Amino acid sequence: QSSLSQITWVFFSQQFCLLLGSCLGGVFKRTLAQSLLALFASSLAISLVFAIIPLCHNVVVLAVVMAVAGLAMGCIDTISNMQLVKIYQKDSAIFLQALHFFVGFGALLSPLIADPFLSDTNCILANGTANASSNLPHIRKSLVPHHPGNLSHYDLPMKGMVVTRVSYAFWIMALINLPVPIAVFFLLYKERMVPCLNGSSHPLLSADELALETRPGDKDELTSAAQRPPPAAGHEDLFSCCQSKNFRGASFTYFAVHITGALVLFMTDGIVGEYSGFVYSYAVEEPLAVVHKVAGYLPSLFWGFITLGRLISIPVSYRMKPATMVFINVVGVLITFLLLLIFSSSVVFLFVGTASLGLFLSSAFPSMLAYTEDILQYKGCATTVLVTGAGIGEMVLQLLVGSIIHDRGSYSFLVCGMIFGCLAFTFYALLVFFHRMYPKPSPELDEASPGKAAVPEDTGQYQR
């Protein structure tokens, strides 16, 4: 029984803590034990949060609970991406595409699970609710995955008897998520990292067995890496990525690659957020004036083609370099927005353009992550920077576009998308430029040689 303006703060608390969690996830990158323990705690926290949400009868309590969920989701996002990069390295692009396919699949599936439990009449029984009940179909169509639309102009009753079955949707989601912490606990057990249990005598596969293509030279390199002495104690600090001593001697291109990569994802993930959040509002306004029921399919179409694109990208990434895939992504987004502007009066092309945009944006994040980590020799720090940049873009650009549409009208929705697409392409071009300037690792230099100070001191080796 809270107002929509109050609920906005609940979403804000989750998004803000999602960013904090993305940064916090980088803390747990050093060892397998830290990563698995953080994943176990975070995934278990999400199940607990879903179970508790229906029991929150105060909007402040709900905001705190959703903030905890945001922290957990941010940690999972960073750790899962980072560990795939560290384990599979040059093969990581394929696994990153698979990971983000399931992200899109979840975004597509979860509203379908919730839909049967959403009320077609008002959730609060009170006198004079006829007008409010007639608003519910529009409100439901505005509640797209992750991104609530502009609902401030709808009025709902605040007093009366609450009649809703939506609690079951949250409890079902809590049960669906429960196998995840169980699976992570099983990994901890297999790696003999559970204090009270001995675990199995055979741990998980080693790095050379995990590689998709193990060539003789690679295997020798992995063996020699395993025989190296552990790094100095000073490098075992959890915050080693953020310590200034590890950046001494690093060239400016090292920082430029981080920044330009994060800016590309700031734009592309920001486009995902603002497009899925406002395409419904754009469609129902003049000049298109699409009926509400038809316009409601646009966000689902967008997320559906994002999921399809990520599925297609799994085999494609095996044959195509990440840099090429990112180039196709940003150019495709730019061309799609240009055509959407040219055919802005066509409802049919709005649907075609929405599907096309979903396809081109689908693999941008995992491809950029694989490309950047490949440039930086899989140090792992780039993952935290890129995930955080993407999360900030998703939150900031949605707020920015919402205010611009309110002041300038619906046509500015496409203009903003075109501008963001141009900026994404510009930052990608700068990234390629800095990649060409970035110093290549010298094979004849010893690992401990001070001459190898072009990158921060971090063995990048996967530790148990």
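Every residue gets a Cβ built from N, Cα and C, even glycine.
Here is what TrEMBL records for this protein:
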| type | residues | note |
| --- | --- | --- |
| TRANSMEM | 6-28 | transmembrane segment |
| TRANSMEM | 35-53 | transmembrane segment |
| TRANSMEM | 59-80 | transmembrane segment |
| TRANSMEM | 92-113 | transmembrane segment |
| TRANSMEM | 168-189 | transmembrane segment |
| TRANSMEM | 252-272 | transmembrane segment |
| TRANSMEM | 294-312 | transmembrane segment |
| TRANSMEM | 324-343 | transmembrane segment |
| TRANSMEM | 349-371 | transmembrane segment |
| TRANSMEM | 383-405 | transmembrane segment |
| TRANSMEM | 411-434 | transmembrane segment |
| REGION | 442-464 | region 'Disordered' |
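The stretch in 59-80, 92-113, 294-312, 324-343 that contributes the largest number of Cβ pairs under 8 Å to the transmembrane segment (168-189) is 92-113. Same-chain residues lying 6 or more positions outside the transmembrane segment (59-80) and placing a CB less than 8 Å from one of its CB atoms are 2, 6-7, 9-11, 13-26, 28-29, 35, 38-39, 41-43, 45-46, 49-50, 52-53, 99, 383-384, 387, 391. Across 35-53, 349-371, 383-405, the stretch most heavily in contact with the transmembrane segment (92-113), judged by Cβ pairs under 8 Å, is 349-371.
Counting residues 6+ beyond its ends, the transmembrane segment (252-272) has Cβ neighbours under 8 Å at 306, 326, 329-330, 333, 357, 361, 364-365, 368, 371-372, 375-376, 381-382, 385-386, 388-394, 396-398, 417, 420-421, 423-424, 427-428, 430-431, 434-435, 437-439, 454-456 in the same chain.
Of the Cβ pairs linking the transmembrane segment (383-405) with the transmembrane segment (6-28) and spaced 6 or more residues apart, 3 or more are under 8 Å, so the two regions touch.
When Cβ-Cβ distances below 8 Å are used as the criterion, the transmembrane segment (6-28) is approached by residues 34-35, 37-38, 42, 59, 62-64, 66-79, 82, 148, 238-239, 241, 380-381, 383-384, 387-388, 391-392, 394-395 of the same chain, each at least six residues removed from its ends.
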